[in-house]
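Right, one structure below, let's go through it.
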């Protein structure tokens, strides 16, 4: 069966927006007015509004050779929601702008929006506006996420205290290893299009790359257990880069232990296969969208039974610098090798 | 004197953000937390939050051959603020994301941000976040503007009433004619680089294209004079397209008079020179960023002395359709020939 292909031109901009937003159902009482006017309107009922924005560019942040449009739509939303959760806030609305060249069909954009709406539904956020436009080349996505938080209960990066425990959710490095695997399969495919891709047993790391989730559950756990992190951010650029952000902005030093960094068994196995160091993937890989936070030592008992939270080190005096103690007993300076689009 | 050129790579992403945001001073008490964390935080003190977003793409929405970077930064902000004013709201914050190829230097981006900050200062808004990224080709700009409004006092497009007067601020068509002039000069320059551009006496229309302003003054006038428009939007795609939006969303017909459409003398002269119909430029040209609104007939006395507001027609029953009565006594159906990126 041939796939349908409707040209964007057949709909026009307003027709396209109508088409892509035809099934929107408002989920948040705070959404007073959504898509279809000059702007959307939000009522936050005495809460504070939290805003975050991210841009994703084809060829820089994603490769449509192995990223399905639906996954891309989903991930574009999730990476922004992750920033809202990292403030200790609850995401409530997003705006979505995309620019695309004429190689994209209406069906392709519709798939993208299916992913967008799937993420909106899963996280209970409303799509309230956006913009669609042509581009000269490729796809550019810009998402702004809006959330709410009880006044002054948001959690910054700059408020960690000396002696605080450093915690991270889930496991790290898998998204980078998934990307490495997909890049390898792409090269093999380009060299020999008849070779079937060898992705078996790699669903975990590929899923972590293609369909990341934001740690709503961790924020809920922290709230339910009355744990207020002293600082928090999400791990989008790699653990090392993020820890250095918290250390620098809190004017502190940091010590982390290699053996405490949570890395999935699947990640260790694929790293071994590729001849990569799993710790390096966790420190510098990026795109894990886990939560990195610090908390007072006395809160340790509250998290110790949660297998989704690992204590990996502590905040030290600024004079101690930022170090990792390795399994082999060595001490290395942490450097920001986080994923950096400008050095790729 | 040679112009300095610093490569983006020399700064890195975080260095670049630090550099571009180094002079930010918060102007709004509602800005609780600005640039530098996962998200920004806003407190709206019992007001409703209004959000709008726009994407501008090089080669589609602007041409850097004749648009200076500083003007581009200014305009990128203003076109978004215009949407917030069009809701009857006051803009308070923006986020700014840009993706750019490596042909841009730090100096070029700095110029762009000078324009951004100039607009922020003029309109009293805070830049609270954003994202910078590489692109494969050209410059892509995505701005989200946030504003506040007294609960339920925002003005939609869908609430015009039969018999309401249709008003428009300022004058129309000049931005399109300015663009036409710049495009012509570009072609002449490309054909014969030694011919000096003939832009004399055209500062008005060129200014309307390169450095539009949002009609903050009109919103203030309406508030001060206790005029509540029954519907409102800004004129970004041409008068015809916008009037049809209001008519369609309000489920009404519309009658406008050609002779009442405000067109500047400079616009008429250049239209004559180019063999263009100035009314067509006003109806279909776009990018004027004037305010189009409807109001009750009894409010007429309140606006009649304001030379910046023209009454151009009235809302009619839906059975009457949407028409323009020309100076020559003819009646034409209004069609949406508004600027449409997908048909260019």
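Backbone N, Cα and C define each Cβ position, glycine as well.
The domain 'PurM-like N-terminal' (A:36-149): residue composition by secondary structure is 35 helix, 46 strand, 33 coil, according to DSSP. Per TrEMBL, the feature domain 'PurM-like N-terminal' maps to A:36-149.
Annotation comment: TrEMBL describes A:38, A:83, A:234 as Mg(2+) 3 binding site. Spatially close to residue A:38 (Mg(2+) 3 binding site) yet at least six residues away along the chain is no residue at all, judged by Cβ distances under 8 angstroms.
Residues or ranges marked as Mg(2+) 4 binding site by TrEMBL: A:38, A:52, A:83. With a 10 A radius on its CB, residue A:83 (Mg(2+) 3 binding site) counts 27 other CB atoms from all the protein chains.
If you draw a 10 Å sphere around the CB of residue A:54 (Mg(2+) 1 binding site), it holds 24 other CB atoms from the protein chains shown. Per TrEMBL, Mg(2+) 1 binding site is recorded for A:53, A:54, A:131.
The Mg(2+) 2 binding site annotation in TrEMBL covers A:54, A:83.
Taking all protein chains in view, 21 other C-beta atoms sit within 10 angstroms of the C-beta of residue A:287 (substrate binding site). The feature substrate binding site is assigned by TrEMBL to A:61, A:287, A:339.
Of all Cβ atoms in the protein chains displayed, 21 besides its own lie within 10 Å of the Cβ of residue A:131 (Mg(2+) 1 binding site). The ATP binding site annotation in TrEMBL covers A:113, A:130, A:131, A:157, A:236.
The domain 'PurM-like C-terminal' annotation in TrEMBL covers A:213-299.
Look at TrEMBL and you will find A:237 tagged as Mg(2+) 5 binding site. In the three-state DSSP assignment, the secondary structure recorded for residue A:237 (Mg(2+) 5 binding site) is coil.
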Legend entry - Cβ contacts of residue A:53 (Mg(2+) 1 binding site) (under 8 Å, same chain, 6 or more positions away): A:80, A:142, A:143, A:144, A:145
Legend entry - Chain B neighbours, restricted to the binding-site residues A:113, A:234, A:237, by C-beta under 8 angstroms: A:234
Inset, instruction - For residue A:113 (ATP binding site), just count the other CB atoms lying within 10 A of its CB, please. - result: 23
Inset, instruction - Using Cβ-Cβ distances, find the residues under 8 Å from residue A:234 (Mg(2+) 3 binding site) that belong to the same chain and are at least 6 apart in sequence, listing them in sequence order. - result: A:82, A:83, A:85, A:86, A:214, A:215, A:242, A:289, A:290, A:291, A:292
Inset, instruction - Check the domain 'PurM-like C-terminal' (A:213-299) for me and report the mean pLDDT. - result: 96
Legend entry - Residues in the domain 'PurM-like C-terminal' (A:213-299) grouped by DSSP into helix, strand and remaining coil: 44 helix, 16 strand, 27 coil
Legend entry - Alpha-carbon distance [residue A:287 (substrate binding site); residue A:54 (Mg(2+) 1 binding site)] in Å: 13
Inset, instruction - Specify the secondary structure state of residue A:157 (ATP binding site) as given by DSSP, simplified to three classes. - result: coil
Legend entry - Cα proximity to residue A:287 (substrate binding site), best match among binding-site residues A:52, A:130, A:236: A:236
